[in-house]
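Following: one structure in structure tokens, then a few remarks.
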Amino acid sequence: MGGVEEAIVRAAQFFSNDAAVVCLTGAGVSAESGVPTFRDAQTGLWSRFDAEELATPQGFERDPGLVWRWYMWRLEQVGAAAPNPGHRALAELARLCEAFLLVTQNVDDLHEQAGSADVLHLHGSLFNFRCAACAAPHHLTVEERGADSPPACGLCGDLVRPDVVWFGESLPWDAVEEAAAAAHGCDVMLVVGTSGLVYPASQLPLVARQGGAMVIDVNPEPGPISSIADIFLLGKSGEVLPALARAVRELRAEL
Ligand code: APR
């Protein structure tokens with residue numbers, strides 16, 4: 001990791017016991033678990049379809065079966081994935097800090113599997129389903145998972161859909177408000193594996209910065225977040241985050 005080691009030790013100093021930390025994660029944190037990002041997932045079998053067909057309300061109206069099959073395929077991919085050292089290090093950092101809010105744009109459950117509690121899912125979850133019309137929650141049966149088309153809502157008879165945020169849809173308002181308030185009041189904003197291109201999650205590091213927080217970005221590629229970050233930790237989250245958690249532990253041991 002070279003010069004990154006020094007930056008990790010510098011970053012670790014901000015994770016004091018009483019620091020309020022907000023961590024924003026994106027697809028990159030799950031990359032080392034083999035979860036295809038939205039864009040990667042559109043390869044192979046699904047390469048001839050675009051986002052309009054697979055992840056918009058209009059696409060679902062046009063061809064609910066196609067969208068259903070794509071989401072069942074993604075559910076299978078995510079179901080087979082396990083958390084990586086990056087997810088585990090974030091759960092550990094949360095245990096080391098009194099106030100730690102984890103906000104994710106990911107629809108997988110790998111943070112929870114790694115032991116993180118109270119994860120704020122800004123884009124919903126692949127594991128939740130609801131009626132497209134009346135929003136009643138729906139629990140999938142094994143048969144429904146293997147079906148070629150979505151089941152009908154037990155209450156109103158309309159179609160059941162994945163409870164994820166599709167393009168053009170609003171994010172869950174209470175989650176966005178909670179994330180924005182926490183970002184504004186935090187001491188440290190740790191950003192991991194997000195391109196910083198998708199609004200409004202991309203605004204959270206800016207909100208934190210305006211509120212006076214130290215912004216730390218972890219990514220193997222520079223991007224819009226690294227350019228506004230106080231500390232940029234260049235590298236994969238599965239390598240950088242365990243090193244960061246270790247450095248925080250070592251600093252605490254010295255006190
Ligand atoms: N560790 C850390 N970061 C990584 C790693 C890794 N091992 N591998 C890739 N990355 C970084 C990439 O450099 C990129 O900056 O993860 C980021 C992934 O970017 P996106 O695919 O745009 O993912 P994300 O920022 O989460 O996208 C936001 O857009 O596709 C929609 O709704 C979907 O939630 C998603 C949203």
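One is the number of the first residue shown, and numbering goes on along the chain from there.
Just so it is clear, glycine is given a Cβ too, placed from its N, Cα and C backbone atoms.
No curator has checked TrEMBL annotations; they are predicted automatically.
According to TrEMBL:
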- HIS123: active site, proton acceptor (ACT_SITE)
- TYR71, ARG74: substrate binding site (BINDING)
- GLN105, ASN106, VAL107, ASP108, GLY193, THR194, SER195, ASN219, PRO220, GLU221, SER237: NAD(+) binding site (BINDING)
- CYS131, CYS134, CYS153, CYS156: Zn(2+) binding site (BINDING)
- 1-254: domain 'Deacetylase sirtuin-type' (DOMAIN)
Using a 10 angstroms cut-off on Cβ to Cβ distances, just flag whichever of SER195, SER237 is the loneliest among these binding-site residues. SER195
Among the binding-site residues CYS131, CYS134, CYS153, the ones with a Cβ under 6 Å from any atom of ligand 1 are none
Residues satisfying Cβ distance under 8 Å from the residue listed as 'active site, proton acceptor', sequence separation of at least 6: THR104, GLN105, ASN106, VAL107, VAL164, VAL165, LEU171
Could you tell me the mean pLDDT over the domain 'Deacetylase sirtuin-type' (1-254), as a whole number? 93
Among all the protein chains here, how many other CB atoms are within 10 A of the CB of VAL107 (NAD(+) binding site)? 25
Assigned conformation of ARG74 (substrate binding site) - DSSP reduced to three states: helix
If you count the other CB atoms within 10 A of the CB of TYR71 (substrate binding site), including all protein chains displayed, you should get 21
From binding-site residues CYS134, CYS153, CYS156, GLY193, SER237, the one whose Cα lies nearest TYR71 (substrate binding site): CYS153
Spatial neighbour of CYS134 (Zn(2+) binding site) that is closest, considering only the binding-site residues ARG74, GLY193, SER195, PRO220 and their CA atoms: ARG74
Nearest-integer angstrom distance between the alpha carbons (Cα) of CYS156 (Zn(2+) binding site) and GLY193 (NAD(+) binding site): 40
Largest pairwise Cα distance, Å, within the listed NAD(+) binders GLN105, ASN106, VAL107, ASP108, GLY193, THR194, SER195, ASN219, PRO220, GLU221, SER237? 22
If I take the Cα of SER237 (NAD(+) binding site) as reference, which of the binding-site residues ARG74, CYS131, CYS153 has the closest Cα? ARG74
Within the same chain, the residues at least 6 apart in sequence whose Cβ is under 8 angstroms from that of PRO220 (NAD(+) binding site) are GLY28, LEU234, GLY235, LYS236
One should report the C-alpha separation between SER195 (NAD(+) binding site) and CYS131 (Zn(2+) binding site), rounded to whole angstrom, as 31
